[in-house]
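The structure appears below as structure tokens.
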Amino acid sequence: MLRIGLTGGIGSGKSTVANYFAELGAPVIDADQIAHEITKPDQAAFKQIINHFGNAVLTKGKFLNRTKLRELIFENPDDRQWLENLLHPLIIAKMKTQLKKIKAPYCILAIPLLAEASQSVDFIDRILVVDAPETLQIQRTKSRDQLSDQQIQLILQSQSPREKRLAIADDVIVNDQTIPILRKAVFQLHCKYLQIAQT
């Protein structure tokens, strides 16, 4: 089975692209979704996060306040590194487990921080980068997440620069046009991946 790593900066449209691949029948394993699962209150990582950050990152219902946690880690690079060191190996292990259960010509592994962690993600055959101009990234993120300009800039600065992402790419979708154009680009890659998977 061909394993495609899907990545891109915040607001690039990688989730939309992953959804389009899923609509075409490709299995999608999503690192963000796994991160949500492993940080639920009954998981070991949840307890470690609370021990490290304290009750400030809890909601009234005793769940993880992801907005508050995001604010803290983007203001403090050491905390961000600590959290990535905790979650990254757990996410990779879950991805590998899920991969074993999939029977398909190819599958999509949606990993936002793939450029930052490409050395430790050694089970990917090709890398697909969803790229967009920074102005569009900011615009999309503002309308979706209601973050301030300063928060968005901090997130952008914490991610690999576009050049680094593009340097590791085998395939690139530039997402700066209309939805039909984006769908067409995904369909073309879908056909390409099916073809590669057969060889």
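If you go along the chain as it appears here, the first residue is 1 and each next one adds 1.
Placement of Cβ uses the backbone N, Cα and C atoms for every residue, glycine included.
Residues or ranges marked as domain 'DPCK' in Swiss-Prot: 3-199. Marked as ATP binding site by Swiss-Prot on the basis of sequence analysis: G11, S12, G13, K14, S15, T16.
Shown in sequence order, G8, V17, V130, A132, R140, N175 are the same-chain residues outside G11, S12, G13, K14, S15, T16 whose Cβ sits within 8 Å of the Cβ centre of the ATP site. Summarising the environment of S12 (ATP binding site), the number of other Cβ atoms within 10 Å of its Cβ, over all protein chains shown, is 28. Across the domain 'DPCK' (3-199), the prediction's mean pLDDT works out to 90.
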